[in-house]
């Protein structure tokens with residue numbers, strides 16, 4: 001039998017591209033990777049230990065980790081963890097049982113210098129409810145002599161005293177994290193945790209959003225009920241897109257919401273964030289795997305009479321995965337890039353496109369999702385472990401049902417353009433071709449306004465490629481829509497006059513239609529802070545061919561102005577300028593923000609002559625840069641339109657002061673969120689230029705003599721970076737300015753002290769009633 005080979009790593013853990021036999025790796029002291037799997041019993045607070053065989057090369061006859069093993073060359077971490085547990089103990093678990101809690105570097109020499117172990121260990125925790133009966137294990141005798149359960153604190157004491165019966169681990173060093181994590185979950189102060197969740201919830205002001213349906217026919221109202229049902233399915237898909245165990249966590253929290261006050265708070269805050277990670281706390285986890293769903297797995301071990309089987313907690317990582325559920329969690333950029341280089345142009349387009357998920361062949365049988373398993377039966381031939389699956393396949397059970405609802409709704413509605421949108425979107429869900437349905441969305445001219453499908457890419461923090469599903473349903477405000485025609489009509493004029501070298505300007509900008517709606521329902525990727533407007537589609541081909549359209553959510557903006565911006569201005573804006581903060585300026589800048597998503601560089605030419613897009617070149621920093629661009633260029637655009645006599649001069653001062661107040665609103669979303677990050681960049685840049693002034697009473701004002709030049713300067717810098725596709729320059733700019741500076745910290749602390757809400761949490765009773 002050939003000797004097992006390992007991937008040789010650098011001292012920092014990256015693959016070198018070299019693999020060597022196991023014996024040579026330990027002889028030469030090469031860095032390599034392994035997995036540690038700990039089984040923790042929740043009810044007894046015990047860890048499962050294995051007794052290493054007397055024939056082992058290292059630490060023979062000593063008690064050790066539940067299961068451990070090397071990652072063979074070409075294998076993945078998760079697959080290795082699952083395989084080692086099954087081979088050594090006879091325990092077979094799906095991937096959602098494994099929680100990767102940290103990576104531990106072990107550097108030691110044993111056997112008189114003959115065995116050098118330089119090993120990066122991916123440490124996994126498997127949480128089970130009750131002990132597995134000892135007779136249910138199937139031990140691999142050449143590796144494991146016995147197993148036993150030990151209380152975790154008792155085991156920690158053995159290790160700290162360097163008891164010779166146990167394989168040594170430095171519990172006062174990095175490996176102490178294991179025991180810290182378990183202790184935090186076991187020693188919960190229910191009252192303190194409830195108070196913490198209450199404070200987090202209080203940052204959202206509850207609002208009810210409705211609109212009059214009197215102008216909709218009876219058939220349109222019936223269709224609306226079907227559309228809301230389709231929108232509910234967008235929620236189901238989005239939960240899946242966030243993380244593989246997220247749907248199970250949602251169902252578990254909902255089912256147990258009435259068990260206690262704490263359980264109700266968990267559910268309430270989860271429904272706002274749609275995940276265990278808090279949007280307003282830079283995605284810090286407010287739940288742990290200990291709060292997650294319990295799953296019964298009767299076939300995980302040998303069957304034992306009288307024992308129903310293994311029950312485990314569906315795991316999720318403490319740190320929000322940057323690739324969400326779009327990529328394998330252990331995939332890095334280098335692996336993706338190497339795979340991409342071996343694909344045809346058509347395959348590359350699919351892999352980097354909006355509407356596909358990247359998976360591993362080696363983990364196909366580990367996926368806990370039934371619908372995914374059916375999608376992996378016909379894997380395309382390739383030497384790579386990675387492959388892509390279109391949304392229309394991986395989410396087919398969801399999309400098939402949503403498609404049926406939209407098809408029926410389209411049959412009912414009276415508006416020809418809405419009928420076309422609903423029918424084309426129903427087809428797109430099943431074909432994965434969204435171009436025609438997005439054109440139909442841009443051409444929509446209906447009292448009932450619908451946006452549904454995969455659009456935004458904020459959740460993909462690795463590349464910014466993959467789109468999440470969302471829905472916005474509203475009733476068009478015809479008067480407000482007519483009032484805003486000015487902005488769409490002047491989009492080309494704005495593009496031609498951007499503070500940007502002509503070589504980077506777009507030559508084919510068309511007027512962007514603007515629709516103003518009263519929102520009556522949203523779903524999918526609408527977690528945390530609520531959007532007040534959106535500019536779609538994001539597909540560069542459509543932007544190039546047709547431009548974009550924007551939708552303004554007027555009742556959402558009014559709610560935010562009343563509940564958030566006015567109270568913020570009272571605290572942060574100087575007394576002399578406070579009265580300049582008004583809704584019209586806030587609303588008008590939001591319009592310009594969305595308009596400016598449609599101008600500036602999108603499809604670009606690189607120095608080597610290749611055609612690309614800003615999104616693909618800037619990758620994970622694109623979202624923050626694009627939001628900053630839309631904000632600051634939007635402010636520039638307002639002043640430009642005023643100078644041209646197209647807007648009233650009376651709003652010059654109010655638009656700048658309202659923008660300043662709005663900075664504090666957005667930065668409170670956190671610096672991991674694209675809008676908050678983009679706003680911090682703008683605030684700190686303008687403050688550095690003297691355009692914003694900080695006073696002794698901890699309030700701010702605008703220096704009207706400096707603000708116009710500073711806005712134009714920042715607009716030029718961001719637009720130029722986008723025009724060049726210069727990711728390095730974008731990263732440097734964000735790193736310099738996306739910080740909480742002293743004055744900014746003071747303002748945020750003052751807002752926290754008086755408990756001004758950070759955002760709103762809407763409910764939609766009208767839409768819910770229609771659906772039911």
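The backbone N, Cα and C atoms fix where each Cβ goes, glycine too.
Swiss-Prot tags one of the stretches 47-68, 69-90, 91-112 as motif 'Nudix box', and that stretch is 69-90. Swiss-Prot tags one of the stretches 1-25, 126-150 as region 'Disordered', and that stretch is 1-25. Look at residue 84 (Mg(2+) binding site): DSSP puts it in a helix.
Within the same chain, the residues at least 6 positions away from residue 84 (Mg(2+) binding site) whose Cβ sits under 8 Å from its Cβ are 35, 37, 67, 68, 69, listed in sequence order.
Around the Cβ of residue 88 (Mg(2+) binding site), the same chain contributes 50, 67, 69, 139, 140, 143, 144, each under 8 angstroms and 6 or more positions distant in sequence. Helix, strand and coil residue tallies for the domain 'Nudix hydrolase' (30-172), in that order: 28 helix, 60 strand, 55 coil [DSSP]. Break the region 'Disordered' (1-25) down by DSSP state and the numbers are 4 helix, 12 strand, 9 coil. Mean pLDDT, taken over the domain 'Nudix hydrolase' (30-172), works out to 95 on the 0 to 100 scale.
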